[in-house]
């Protein structure tokens with residue numbers, strides 16, 4: 001059974017006299033820094049000199065300094081920059097300040113799980129991973145609630161690593177909802193698997209393949225877009241609110257019957273075998289090795305994949321149709337922009 005922890009099991013006073021450095025001020029960094037500060041903790045934000053976020057931190061009324069300065073001042077250092085780049089950042093700016101008794105924290109276990117960051121033996125290494133994007137972590141906290149989080153300890157040099165991580169989660173507001181104990185390996189492997197098989201890779205490939213099937217059969221691309229892309233949100237929202245059962249309660253009996261009869265034809269034993277292989281590649285480190293090498297080589301395949309999908313007909317049609325629907329709050333990525 002999962003171990004769950006709540007507000008009454010976390011002691012925020014453990015961190016009252018432990019300066020905290022938040023490294024990065026993106027989606028999660030912004031939320032962590034502001035929530036912890038509002039919880040009465042001593043927070044500073046570490047950024048590269050000249051970072052575009054420097055002024056934003058100052059506008060938020062928080063202390064801002066270089067990464068190295070923040071790491072030196074802090075007892076707890078939370079790294080909230082993109083996975084690729086963390087190892088170099090750690091080696092050059094954080095590692096020199098990690099004296100025995102300090103804590104190194106993460107919100108995702110990639111660099112610890114795959115050996116890109118190897119902390120010294122004398123420090124605590126833990127993780128607090130809110131299960132929501134940063135803006136939602138902040139929004140729910142301000143409303144008096146919290147989002148669930150995962151918590152893990154990789155290295156407990158002081159004997160209090162878990163209790164400190166739990167207190168940190170309380171500072172974010174996460175123990176108001178509930179915090180689930182896990183391990184760095186479990187969080188990392190399941191997170192990558194979910195992204196690849198369902199949330200990003202699986203859904204994207206399914207949507208494109210279904211769209212292409214309809215268009216090749218002679219149906220209008222606009223109609224195919226509505227059926228295969230646009231309406232997906234309606235179903236996902238039902239999943240989000242009440243799971244598979246609530247979705248099936250909410251759709252027509254015809255749709256539910258098609259769910260039962262057609263779904264297994266899409267997710268076949270061959271599909272499941274591919275899922276198992278993807279998981280094996282994650283567990284063995286093959287995926288991480290490939291991704292790290294891709295970045296070292298300047299991302300040629302990554303950029304080619306991205307450009308190919310930008311030019312896919314479903315994206316061309318989608319841009320036009322979303323202009324008809326201002327109520328969906330359309331967004332467009334400008335050339336050269338990309339995710340973290």
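Glycine is treated like the rest: Cβ placed from N, Cα and C.
Listed features, source Swiss-Prot:
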DOMAIN    2-182  domain 'KARI N-terminal Rossmann'
BINDING   25, 26, 27, 28, 51, 53, 83, 84, 85, 86, 134  NADP(+) binding site
ACT_SITE  108  active site
DOMAIN    183-328  domain 'KARI C-terminal knotted'
BINDING   191, 227, 231  Mg(2+) 2 binding site
BINDING   191, 195  Mg(2+) 1 binding site
BINDING   252  substrate binding site
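Here the features listed in Swiss-Prot are placed on the structure.
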{"residue": "25", "record": "NADP(+) binding site", "Cβ contacts under 8 Å, 6 or more apart": "33, 45, 47, 51, 53, 56, 57"}
{"residue": "83", "record": "NADP(+) binding site", "Cβ contacts under 8 Å, 6 or more apart": "108, 110, 111"}
{"residue": "85", "record": "NADP(+) binding site", "Cβ contacts under 8 Å, 6 or more apart": "none"}
{"residue": "134", "record": "NADP(+) binding site", "Cβ contacts under 8 Å, 6 or more apart": "26, 27, 28, 29, 30, 31, 32"}
{"residue": "191", "record": "Mg(2+) 2 binding site", "Cβ contacts under 8 Å, 6 or more apart": "108, 109"}
{"residue": "195", "record": "Mg(2+) 1 binding site", "Cβ contacts under 8 Å, 6 or more apart": "201"}
{"residue": "227", "record": "Mg(2+) 2 binding site", "Cβ contacts under 8 Å, 6 or more apart": "210, 214"}
{"residue": "231", "record": "Mg(2+) 2 binding site", "Cβ contacts under 8 Å, 6 or more apart": "none"}
Taking all protein chains shown into account, the Cβ-based neighbour count within 10 Å for residue 51 (NADP(+) binding site) is 17
Reading the DSSP string in three states, the entry for residue 134 (NADP(+) binding site) is helix
Out of the binding-site residues 27, 252, the residue with the smallest number of other Cβ atoms within 10 Å is 252
Greatest Cα separation in angstrom, residues 25, 26, 27, 28, 51, 53, 83, 84, 85, 86, 134 binding NADP(+) per the record, works out to 20
For the domain 'KARI C-terminal knotted' (183-328), the DSSP residue counts stand at 126 helix, 0 strand, 20 coil
Simplified to three states, DSSP reports residue 85 (NADP(+) binding site) as coil
